[in-house]
Amino acid sequence: MAPVQDTPSVKITYSANVTSVLPALMSAVRTSPSTEGPPHDGKVIGKDPVTYRYNQPVPIPSYLIAIASGNVVYRAFPRLEDKKWTSGVWAEPELIDAAYWEFSEDTTKLMAAEEQIAGPYRFGVYDLLVLPPSFPYGGMENPCLTFLTPTLLTGDRALVDVVVHEFTHSYFGNGVTHAYATHFWLNEGWTTYMERVLLQVLHSPAERGFSYLIGYKSLVDDLKRYEEQPKYQRLVIEFQKGEDPDDAYSIIPYDKGANLILHIERTLGGLDVFLPYIRDYVDTFMGKSITTEQWKAHLYSYYEKHGGADKVRALDGIDWDAWFFGGGVKLPVEMEYDTSLAKSAYSLAEKWEAAGATADVSKLEFKEGDLDGFNTNQRIVFLEHLQSLNPLPSSHLFHLGSLYKLSTTTNAEVRLRFYQLVLDDPRSDAAKAFAREAANWVIGEGTGMVVGRMKFCRDTFRAVYGVDKDLAVKAFLKEKNSFHPIARKMIEKDLKLV
């Protein structure tokens, strides 16, 4: 136990010595032994103790103190000549090749690109650690050492945006921090917004729009989930004494927050006008913990100096109360996104919808290779758009899953969307058949390796619960102790066990 205050409003430096028979990692800079030396300082892993020394000279909130230990090896990414910081990936030996391939292409590029916008990277080291499947998040932004789920290892680098997101926390969250849980959206909304700016810088405006498009579906789903608790649909949530902020955990602070900042950007005249403000925001509050009111006051102050009355009037035109405190399943304004990368996915989904009128699936002209040109995100959009259209007969859903191997794919992002599609109508034959398969998938299909990322396990359990309550509960209770305690607690609430 560490004697620290459990609040993001207080930041500290720390150093630690960790003696372990397994390699030990922390959210700090390792001072010895060198990461460039042999694993475990050349000693026998699992037998010989080694003392690892760490130092974190940059003040951070206590929730960012992290430690991990296990049979992991390190591989450094190629260094950029003009950068003092280093970056690489840690993973179990059997995963290190896949992890290096997945992340080595883009990580240092995104770091350099973000420095151009938000300023120098302050933490010296940026390493990734691929954790076991029970890890409940896509990523955790520990300084110097981002924790990642193995579900990102899709083999097509399509989910590297999670690394973009976690690195961006170096500025928004780890650098400029929310003062307390009410203002959590300042961490996640800003990070999600900047993640998508970087997608535009590194790739294209279409990539940025595509990411908003994918996020919007999840946002609407969560807004609907909290229709009976409209307080949790807000960006700024006033928690009562004893209330657990985890009860409000959802995509809302991420995507509603990102959409607010995008709306501000557009209101003020676009990225060219907005990027200098972002740098000033970071420079002004770096190392501090702030509230929504402080952020908004700085926004107005900056544009009073750098835009005058016209910009202030533009800001006054934003319905701040609706964004901060409003509920409902729609955003306060209707947002438009670049959909060019989604067109092929939309087209294929609409062909399937039209094919629903053909009773005999053997007469359908779809081919196994229809998805060959689609990356992970395009497959996601295909399935999500198909779910938004007129329901397909069960015979077509069975054919869809078999033809495209959607119920056997190892890509968890795609598999989740397929299960959400086929379980959408609890009365259908397809839902009844696939509910058991989905339940078996999320609890590890007998392997003992559960799909622990909450984005997948919670949504899957909720979908199965909508079809067969007993099946969902029995499946969860069978492997309950294999889930991370945070995931376990949230699933119990989803399944109304508490």
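FYI, residue positions are counted from 1 along the chain as it appears here.
Including glycine, each Cβ sits where the backbone N, Cα and C put it.
Taken from TrEMBL, the feature active site, proton acceptor covers Glu166. All protein chains shown were included, and the count of other CB atoms within 10 Å of the CB of Glu166 (active site, proton acceptor) stands at 24.
Residue density at Tyr254 (active site, proton donor): 24 other Cβ atoms are found within 10 A of its Cβ, drawing on all protein chains shown. DSSP assigns Tyr254 (active site, proton donor) to a helix in the three-state reduction. Here TrEMBL flags Tyr254 as active site, proton donor.
In three-state terms derived from DSSP, Glu188 (Zn(2+) binding site) belongs to a helical segment. The Cβ of Glu188 (Zn(2+) binding site) has 22 other Cβ atoms within 10 Å, all protein chains considered. Among the features that TrEMBL reports, Zn(2+) binding site is placed at His165, His169, Glu188.
Annotation comment: TrEMBL describes 340-495 as domain 'Peptidase M1 leukotriene A4 hydrolase/aminopeptidase C-terminal'.
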With an 8 Å cut-off on Cβ distance to the His165, His169, Glu188 Cβ center, who else from the chain surrounds the Zn(2+) site? Glu141, Glu166, Thr168, Phe172, Gly173, Asn187, Trp190, Thr191, Thr192, Glu195, Tyr254
Residues near His169 (Zn(2+) binding site) by Cβ (under 8 Å) yet at least 6 apart in sequence within the same chain, in sequence order, are Glu141, Asn187, Thr191
Return only the integer: C-alpha distance in Å from Tyr254 (active site, proton donor) to Glu188 (Zn(2+) binding site). 5
Rounded Cα distance, in Å, between Glu166 (active site, proton acceptor) and Glu188 (Zn(2+) binding site) is 10
